[in-house]
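Chemist: Have a look at the structure that comes next, please.
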Amino acid sequence: MIGATFAVAPSAQAAQPEPPARPQGPCDIYAAGGTPCVAAHSTTRAMYASYDGPLYQVRRLSDDAVKDIGIVQPVARPFPDAGGYADAAAQDQFCADTTCFITKLYDQSPMHNDLTQAPRGGFSGPAMGGFNNLPIADMAPITIGGHKAYGIFIEPGMGLRNNDTKGVAVDDQPEGQYWVINGHHYNNGCCYDYGNAEIDSRDDGNGTMETTYYGNATAWYRGSGPGPWIMTDQENNLVGCVNPGSTSKLCSDLPSINWRFVTAMAKGEPHHWASLGGDAQQGSLSTMFDGPRIDSSYDPMRKQGAILLGNGGDNSVGSQGTFYEGAMTTGYPSDAVDQQIQANVVATKYDVQRLSIAPASAVATPPGLQTFVPGSSQDTTVTFTNTTGSPAVGVKLSISLPNKQWTSVVPGTTDTSVTFEDPVAPGATVSATFKVTSGPAPFNGDLIGKAWWTNPTKGGRQFETTAEKVRNVSPIKINEFRTGSNGNSTNAFIELYNAGATDVDISNWTLTEHPTQQATFSTVTVPAGTTLASHSFYVLGLANSGLAAPAAAGDATINVRSTTGLAAGRQIAIDTGSSVENRTIVSVGTAATASTTLWQPVPDGPVITVPAGSTNVPVTSTTGFTVGQKIGLGYGADHEVATVTAVGRPGTQGRLSAAARAGATNIKMSSTANISVGDKIRLDIDSPGHGIDNVTVTAVGTSGANGTGITIAAPLQFDHASNLPYSVWGTGVSFTPATRFPHSSNEPVQALGSGVTLDKPLDNGHAVNTPVRDTAVTNAGYQGTTAPNQWFGGPALATAGNMVLRDAQDLVVDSLNYGTMVDPWTAEGYQATSGAGQSGCRVTNPGTTGANGRSAARFPDGNDTDSNCGDFQTASGPTPGASNDVSFTLSPGPRVSLQTTTPSGSSNYMQHSSTTTSVVTAAVTAASSTADKQNATFVKAAGLANPNCFSFEAVNRPGNYLRHQGFVVSLQPDDGSTLFSQDATFCQVAGNSGQGVSFQSVNYSTRYLRAYNGGVYLAGPPGTNEWDTSVSYADDTSWLAASPWAPAP
């Protein structure tokens, strides 16, 4: 929620003193201690007393304008203020009635190691080409020193990074780093990190990164209790301790953390590392670990010097958390300096958000949005928490409305505000609920909460605002969708539903369907003259094919998304309605391939731009490109088509196979396959003891440490370490004519195939994703018995995506993300739920299981509480064009309850949580609740990956199965993937203890389901996890297949 704070000057008084001096920053302390900062990042305050530059940059969604957010300067009036904190009011003004993204986190140190959108790495994010999403600027409001500021809220798939840094420690050089974060926002996904990482965004081996980490992941080292824990990420290990002489990864002295604001530190030097942590609001730091490196593969370290925030070193994107400030040093800070940093953080006075606004029904879990129908009323609550440090007198709360046609009153009265006569004590909270009635005109924008109060220690009347997003739109909902079915991955539809009592004209409304990692090429536009009756449906069906590139009048060959089922002599329809053209197929060639991307080099780059007028682009893959066929470049208004004239080599990321010393003219490379004479290769970053060499290849030999490597034109100027990443752009794909637009890294580059030849040229032009239909095709496209109201030609629905429905005025009417958070600005629902298995609020990917597939559906039809995760359910029987039915047929098989055999837990059964994905063992008796009995009962169904084994489906969550992930067992919906099927399949064998049965993983044959310390894991000695211990292993992995606590009706 966004907000601003202002001060109203008191009556005239005596002249004020000079403004107070700016406060000391953490990097002033580090410098005084002899370990200066080489990176200083914060969205909340200056990290040096002298810093006057910007803290971060935001970009506005509405027009792509950008603005730097700086710091407030010291003032003497109306009361002394030392400044140095973020100018949140500037963000609020710039971002009013739209969404802003954080596009750059400035480095306040002299090194200027700014963080920007994280590029694709070993793992890909959901943004175009695999970039990570950018954080939304207003999702983490707090107060700092009594002033409004914003942190950086990281959802899975978001992240910032700089692979081309200056001055950051590399190899085994000493360094320190710290951050201040939200201790209540975390999960067990990999990996919520800040610090030193690989410069190619890939896993380059043990010891190639060293960062702070926060979360409760248990796949590597872990602490006691449920977590979260303060640890470090040293690549291929989240490390909270070292247990010399033992393979155990349990850190018995590492505590679970419950502080709202956390200071955490990680530092390393040769043979030694330490981590510290403390409550950022009070007290000193405690040592979490101080001791030796893990083993020889981490000693010496091979750090590379990139800086990341929010992700793993290989760009793992499963983590979440909230960042406020952090810094990295050169040199190993002393413990005394660390304690001074903590004291500085505490003195800064981090505190929670002061003013918030939310639907009255969701104050504790605000969805970030309220949707109104014009003229409708909803209760909205404004909440004030006194974070000023002294009593707040005369607190007054109200709501500012979009225009005079809206109203806001205290229910049952005509009052438009609420005033609290009693002072509100520091830390106390008061709230007021208002009945808000929207106006008659459609609207997208902000609903503003306001607060006034008097602070006795500062005098004068204080004023603050906060905002939530609102939509005032017709009640048309994205009601149900299917992505595909078994044997037909494109058997997709999207259903709209009019949840209102009156008909709605949906002429020229648009639906944008955006698959993860892809660019947006087109929208589906509803034809003019279309009215959707009250409580009626409008179905969009995916055609069996569609245009992969625009087709012009006179074209006799069209490039298509799919040729499945097409054959010479068949009739096809290009486009629909009055624009349709019917043709006979003369011949069927090849369909367009999935897009590759314009090459993204790291550490140079990650974005390179090929200028307009170019006839060649470097690409990630050359597969599918053929001389004489078409190539598609870019997207949207800059999409263009050319003819391929030559196919060269793709870009390559590699690593040095041996150290290369200054003066050398030969370099050993991990791969020489795509290197050509004349290629220019950049080596290294500007790091201590190293430097950047730009070399030109004169000869190409063989790869590997013992190979002949490459010969370069001039001797190296700097030493370069073995394992150092490098990028080769390759010779790419050439084409004609030259490009009319510039194109940049990660934009789509598509081999368009040879296409389909028609019996006669087209009379008119047709856009990308125009439907191409052959009514005889039954194994591609939508195949429902109910004909759709409208066909669309693409894109095909992916395993994750986003949908946005807009009216004819281009106002957003409804939106959703499914599978993952593809476009976070369209998200609906509370995103900060934390703990194992949590990853924000989105629609679950329904998967493609079954001949008719599965769908994600609102139930009942039109149900909308502005929560994607709450409003949609998975249906086993899709109902396009009819009322949704989310009853789910359980898989065939007997019901069973799995009882532990450990002597001390004989009344314990495996059971899943009612509210989360967690699976535990706990007592169930005849006196237990119905819910507990159902939670402890599963269908023992034929194995999803092997019908001779078993998968366990929850009887009260049909479609959800026991699944191991990171060797932790949870209950998750079947997403239709091969990996899920394997993770959810277990083969029954005789009990390891001699009684009952044991369940062996189908994809980890040495591991079995194990009850351990109240949880359920996939365990197998001599593994390195706590639950792999051999103590009581046979008993813990043996189960009794008991009678079901919830028998079938």
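Heads up, residue numbers simply count up from 1 along the chain you see.
Cβ atoms here come from the backbone N, Cα and C positions, even for glycine.
Because TrEMBL annotations are produced automatically, they should be read as predictions rather than curated entries.
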Chemist: Can you sort out which of Cys37, Cys95 is the disulfide partner TrEMBL gives for Cys100?
Modeler: Cys95
Chemist: Tell me, if you would, which residue among Cys27, Cys37, Cys95, Cys100, Cys191 (disulfide-bonded residues) has the fewest other CB atoms within 10 Å in the structure shown?
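Modeler: Relative to the other disulfide-bonded residues in Cys27, Cys37, Cys95, Cys100, Cys191, Cys95 has the fewest Cβ atoms within 10 Å.
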Chemist: Per DSSP, what is the residue tally for the domain 'LTD' (464-587) in helix, strand and coil?
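Modeler: The domain 'LTD' (464-587) comes out at 3 helix, 60 strand, 61 coil.
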Chemist: Measuring CA to CA, name the entry from the disulfide-bonded residues Cys37, Cys95, Cys100, Cys191 that ends up nearest Glu235 (active site, nucleophile).
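Modeler: Minimum Cα distance from Glu235 (active site, nucleophile) across Cys37, Cys95, Cys100, Cys191 lands on Cys191.
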Chemist: Using DSSP reduced to three states, classify Cys95 (disulfide bond) as helix, strand or coil.
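Modeler: Looking at the DSSP assignment, Cys95 (disulfide bond) belongs to neither helix nor strand, so coil.
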Chemist: Return one of helix, strand or coil for Asp314 (active site, proton donor), based on DSSP.
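Modeler: For Asp314 (active site, proton donor) - judged by DSSP and reduced to three states - the answer is coil.
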Chemist: Across the domain 'LTD' (464-587), what does the pLDDT come to on average, as a whole number?
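Modeler: Averaged over the domain 'LTD' (464-587), per-residue pLDDT gives 97.
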Chemist: Please identify, from the active-site residues Glu235, Asp314, the residue with the sparsest Cβ neighbourhood, meaning fewest other Cβ atoms within 10 angstroms.
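Modeler: Looking at the active-site residues Glu235, Asp314, the Cβ with the fewest others within 10 Å is that of Asp314.
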Chemist: I'm trying to understand the geometry here, so how far is the Cα atom of Cys100 (disulfide bond) from the Cα atom of Cys191 (disulfide bond), in Å to the nearest whole number?
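Modeler: Computed Cα spacing between Cys100 (disulfide bond) and Cys191 (disulfide bond) is 25 Å.
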Chemist: Counting each residue once, how many in the compositional bias 'Polar residues' (865-884) are helix, strand and coil under DSSP?
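Modeler: Residue counts in helix, strand and coil order: 4 helix, 4 strand, 12 coil.
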Chemist: In whole Å, how far does the CA atom of Cys191 (disulfide bond) lie from that of Asp314 (active site, proton donor)?
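Modeler: The separation of the Cα atoms works out to 10 Å.
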